[in-house]
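Just below is one structure, and these are the notes that go with it.
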Amino acid sequence: MGRFIFVSFGLLVVFLSLSGTGAALNCASGWSGYDQHCYKVFDKPKSWADAEKFCKNSTNGSHLASIHSSEEEAFVVKLVSQTLESQILWMGLSKVWNQCDWGWSNGAKLKYKAWAEESYCVYFSSTKKGWRSRACRLLGHFVCKSPA
């Protein structure tokens with residue numbers, strides 16, 4: 001009876017240690033799983049657009065990571081901290097300023113536009129809380145996310 005409990009406990013420990021790493025999900029080698037998605041940290045800095053393109057080409061359905069809960073963010077931050085030290089990491093959120101619905105404070109419609117050719121993309125840090133934005137053309141590490 002003691003041996004049965006020991007073996008059962010051992011199997012439970014193995015199962016729990018593998019859950020959340022992609023073993024229970026159908027993630028490619030080197031990718032980690034969480035909540036029906038697979039994630040991978042890439043340590044070669046790229047612009048936001050190049051990182052998104054890289055993610056799209058790396059595996060079917062992959063994009064820069066989108067974060068939908070504090071638990072998912074904690075998972076990604078932990079994954080990043082295992083791979084990189086304090087780094088700026090692109091996520092899949094961006095705002096192209098010249099494509100927004102803008103209006104003047106006096107209520108007049110915006111007809112004339114003279115936007116600079118700059119867009120802003122969102123990044124996070126593995127050591128600082130909160131999301132920040134910066135020019136998309138700047139280089140940063142990134143995390144890709146794909147359906148499991």
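Cβ from N, Cα, C; glycine included.
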If you pull up Swiss-Prot, which of Cys55, Cys100, Cys121 shows a disulphide to Cys144? Cys55
Around the Cβ of Cys38 (disulfide bond), the count of other Cβ atoms that are within 10 Å: 22
Pairwise CA distance, Cys121 (disulfide bond) versus Cys144 (disulfide bond), rounded so that it is a whole Å: 15
Three-class DSSP secondary structure - Cys121 (disulfide bond): strand
Non-local Cβ contacts of Cys144 (disulfide bond) (under 8 Å, 6 or more apart, same chain)? Tyr39, Lys40, Phe42, Phe54, Cys55, Ser58, Thr59, Ser62, His63, Leu64, Ala65
